[in-house]
């Protein structure tokens with residue numbers, strides 16, 4: 001597939017020149033109003049296609065969700081720009097909108113989304129772990145992970161990353177840790193699990209470090225992702241509260257059936273619903289999807305990470321980016337993101353991933369907050385009660401059924417290619433469909449643009465309109481102001 005160009009991608013920010021203004025425009029239904037679906041709809045709309053976007057929720061954004069009930073923006077889903085650099089496909093739009101980023105780390109993206117010196121870790125008795133121990137263990141953890149590359153080269157078959165770590169430690173006794181240092185190592189593993197949104201025994205040795213990582217480190221979206229969603233969605237034909245139940249391909253047309261009995265007909269459809277929804281077979285296909293497509297959906301992993309956001313009357317915690325609790329097992333570790341440092345608001349966000357996150361969803365909001373506060377008070381005995389809280393449930397939310405995709409142990413080599421591939425007039429997009437940047441917002445965005453371009457080319461050939469509805473010359477306003485509008489970064 002061709003990579004998306006900035007020219008075809010951006011929303012509401014173009015002056016376009018298109019031939020054939022009197023021809024009947026091709027029609028496309030985009031299913032899913034997350035950033036991938038909105039990007040696809042925006043791109044096709046800018047190419048003068050007739051585009052209808054159907055979204056099951058009562059809002060846009062999908063797993064990108066900015067909540068304002070605290071009186072400030074809180075992203076309860078995606079919240080970082082992974083790769084603060086011009087190569088990031090979202091960079092032009094973020095710069096143009098003047099959205100501020102708070103950079104939380106350098107380029108060591110796979111291991112950490114925060115620099116080690118920004119952590120304050122505490123043991124079970126509330127004593128802060130000396131920074132030199134945190135730094136030393138972090139360096140040891142990196143050495144252990146580098147040694148797993150040798151294990152990978154020695155084994156043809158895949159294995160869980162934790163198994164490879166055990167092999168490394170058996171071979172290198174000097175890397176083994178005990179006592180408090182061992183607990184800090186478990187906390188590092190906890191953070192690795194959060195990156196992949198799954199437990200370490202599910203993380204693939206062959207694929208854990210194969211992601212194409214952009215430069216520039218990680219940037220927290222201080223204003224949230226909501227302004228990006230609104231900018232891209234401007235003037236699109238959007239239907240909220242439209243849950244798709246069936247997709248029919250017949251006579252070179254695509255019929256999309258909605259839960260309330262309504263049907264929409266178009267020349268093609270782009271499916272951007274989350275991987276978890278596809279895995280649950282909530283949407284029926286007629287004819288059924290081919291086996292190669294079904295197996296790609298089945299073989300891709302889906303992880304879960306949830307947030308418990310807590311607003312307090314005042315700040316009682318140290319001025320660091322992350323507060324962490326170390327423990328003898330990674331599941332017993334925990335951490336809080338300090339939004340006060342980035343935004344000035346007295347907010348902590350507890351983040352839980354993997355099986356622990358699934359267990360959390362069985363609790364009520366109040367029970368979740370009580371548990372989180374009990375952990376916080378062990379770290380900081382003077383902690384006060386929150387005045388407001390928010391709790392996410394991405395795993396059981398019927399509109400998501402998971403947070404983002406992950407590589408399971410033994411993943412077939414061609415898995416992403418099969419998942420991305422179209423089936424007739426059906427095209428697939430979303431974070432799980434981005435080969436190089438799965439699990440990220442910019443990956444989902446880029447995937448939507450690629451699917452839109454593939455759909456445009458397909459319909460141009462099928463409908464015999466190859467000379468029409470082509471994007472000849474697109475002038476992006478951000479191209480004219482790119483030099484004048486740099487990233488707004490509050491921490492260098």
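Placement of Cβ uses the backbone N, Cα and C atoms for every residue, glycine included.
Quick look at what Swiss-Prot annotates:
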BINDING   55, 63, 244, 431  FAD binding site
So the record assigns 55, 63, 244, 431 to FAD. If I measure every Cα pair among those residues, what is the longest distance in angstrom, as a whole number?
19
Would you count the other CB atoms within 10 A of the CB of residue 244 (FAD binding site), including those on all shown protein chains?
23
For residue 431 (FAD binding site), write down the residues of its own chain that are at least 6 apart in sequence and whose Cβ falls under 8 Å from its Cβ; none is a fine answer.
36, 63, 275, 404, 405, 437, 438, 439, 440, 441, 443, 444, 447
Does anything in the same chain, at least 6 positions from residue 55 (FAD binding site), have a Cβ under 8 Å from its Cβ, and if so what?
32, 33, 37, 62, 238, 239, 240, 241, 242
I'd like the Cβ neighbour count for residue 63 (FAD binding site), meaning other Cβ atoms within 10 Å of its Cβ, all protein chains included.
25
Helix, strand or coil at residue 63 (FAD binding site), per DSSP?
coil
